[in-house]
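Comments concern the structure below.
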Amino acid sequence: MVSSHMLVAFTFLALASFVLASDPSPVQDFCVAIDEPKDAVFVNGKFCKDPMLAKADDFFLKGLNIPGNTSNQLGSMVTPANVVQIPGLNTLGISLVRIDYAPYGLNPPHTHPRATEALIVLEGSLYVGFVTSNPENRLFTKVLYEGDAFVFPEGLIHFQFNVGKTPAVAFAGLSSQNPGVITIAKAVFGSNPPISDDVLAIAFQVDKKVVDHLQAQFWMDIN
């Protein structure tokens, strides 16, 4: 006869096995299954080089001391250091960025679908924040100064705004080799092809002329 303690133990082990058997997190937007390996192009991440052929340059990137060009309509620029720039990051689950801000420059509301972000300010002062998921949509904000750090949880909409009269610089670490970026305004009003203005007019409760005007704008990509 099986005791209640043994049943609890079996249940725990079954649940643990279920958790351990879960799929790996995606490191790209999607990976469509295919029956013919010869037609396969991508994997969930990157193909791996033979370890015996690896070299120091696979783990190296220079130039993060160089300011990004903030002469654009948003007044900011993101310089990435992910698996595209540093192949050695493949499978390591981490990357980083440098972000430069002109005075009153904005890194607009966006999300990283695959990563939490930890940001530290090196120069200047930034008004930063993120919004929680529905239904609360709570806004968490803080003004950061040199040496201050702030965390943006994975997948949540967040932003940074330079509230100072001088340029600002921040670095951020992200918990994915390929965090992905979805800039909210650009994705909604600058998608290709465009989202129906009927859909957006109802979603935003505005006249379709407002939607048409927004869709006609040039939506800057700084990431």
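A Cβ is built for glycine as well, from the same backbone N, Cα and C atoms used for every other residue.
Sequence annotations record features per position, and here TrEMBL assigns oxalate binding site to Asn107, His112, Glu117. According to TrEMBL, the Mn(2+) binding site annotation covers His110, His112, Glu117, His158. According to TrEMBL, the disulfide bond annotation covers Cys31-Cys48. The domain 'Cupin type-1' feature in TrEMBL is assigned to 62-212. What TrEMBL records for 1-21 is signal peptide.
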Expressed to the nearest Å, what is the distance separating His110 (Mn(2+) binding site) and Cys48 (disulfide bond) at their Cα atoms?
30
Below 8 Å Cβ to Cβ and six or more residues apart, same chain only. Which residues does that give for His112 (oxalate binding site)?
Phe152, Glu154, Gly155, Leu174, Ser176, Pro179, Gly180, Val181, Ile182
For the recorded oxalate site formed by Asn107, His112, Glu117, name the remaining residues of the chain with Cβ within 8 Å of the site's Cβ center, in chain order.
Val97, His110, Thr111, Ala115, Leu119, Phe152, His158, Ala172, Leu174, Pro179, Val181
Count the Cβ atoms, other than its own, that fall within 10 Å of the Cβ of Glu117 (oxalate binding site), considering every protein chain shown.
23
Could you round the CA separation between Asn107 (oxalate binding site) and Cys48 (disulfide bond) to a whole angstrom and send it over?
33
I need the CA-to-CA distance for Glu117 (oxalate binding site) versus His158 (Mn(2+) binding site), whole Å please.
10
